[in-house]
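Comments concern the structure below.
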Amino acid sequence: MALQEDMRKEGNWLFKYRSYLPLFILVIGLALYILKEFNLNFILGQETTYEFIYNFICLGIGLLGLYIRFHVVGYAAENTSGKNTVEQKADTVNSTGFYSIVRHPLYLGNFLMWLSAAMLIANIWFILVFCLVYWVYYERIMYAEETYLRDKFGDSYLNWANTVPTFFSRCKNYRKPSLPFNWMKAIKSEKNSFAALTLIFCLFDIIGQIITQRYNFNYVFIGLSIFSLLMYVVIKILKVRKA
């Protein structure tokens with residue numbers, strides 16, 4: 001089998017299970033974080049004040065990734081930019097909004113969100129390994145998606161792809177979204193991402209405070225977690241009642 005077919009086959013398989021790699025990395029990262037909190041020889045996080053500021057920088061990066069995802073989903077056309085895991089699906093090529101400056105804005109958002117969690121470990125080698133693994137993993141998924149879009153839309157896809165970078169944005173080419181923003185679609189789609197992000201930060205903070213016996217909990221993280229969970233439950237209840 002040619003390399004192109006190999007990469008496409010691997011990409012389609014990884015596409016179905018793309019939610020599991022971050023969880024695997026998170027487990028490893030949590031173990032390293034616990035070791036760090038036991039004052040082994042890791043790089044950052046020794047001073048409470050600096051660690052507090054650093055954690056908020058990490059949160060800011062994660063929220064930036066969440067904002068990108070929220071923006072993309074809210075402006076995306078129907079039957080595109082979804083969370084389907086069965087097969088590739090697209091009724092049209094999104095080419096405005098964030099899609100005018102980067103071809104894979106959802107994966108850029110994912111990267112920033114998971115990078116923020118990786119940065120909580122405060123170990124430069126873990127962060128670098130995470131970036132490398134993420135790139136190799138999602139490179140195949142992006143290749144499979146682009147092959148699907150190229151085969152389905154032909155020149156209309158290629159003309160857009162030739163002017164837009166794959167992953168690193170080119171902001172000067174930004175074009176205003178062609179569709180109105182769908183708030184409910186974005187909120188329903190990203191409630192899970194918001195809850196996951198805030199719960200991870202809350203979990204790491206609570207574990208770190210208990211291990212070090214400082215008990216100086218970050219109530220911003222706790223508050224965001226409670227808010228995200230309440231929002232998740234409310235949306236689920238409304239969805240059930242509507243059905």
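A Cβ is built for glycine as well, from the same backbone N, Cα and C atoms used for every other residue.
Keep in mind it's a predicted model, so treat the numbers as computed, not measured.
If you check TrEMBL, you get these features:
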TRANSMEM  20-40  transmembrane segment
TRANSMEM  52-70  transmembrane segment
TRANSMEM  111-137  transmembrane segment
TRANSMEM  194-211  transmembrane segment
TRANSMEM  217-238  transmembrane segment
- Item | Distant-in-sequence neighbours of the transmembrane segment (111-137), which means Cβ under 8 A and at least six residues beyond its ends | 14, 18, 21-22, 25-26, 28-29, 32-33, 36, 42-45, 51, 54-55, 57-62, 64-66, 68-69, 193, 197, 200-201, 204
- Query: With pairs 6 or more apart in sequence, are the transmembrane segment (217-238) and the transmembrane segment (20-40) linked by at least 3 Cβ pairs under 8 Å?
  - Reply: no
- Item | Cβ-Cβ under 8 Å with the transmembrane segment (52-70): same-chain residues at least 6 beyond its ends | 44-45, 98, 105-106, 108-117, 119-120, 122, 186, 190, 193-194, 197, 201, 205, 218, 220-221
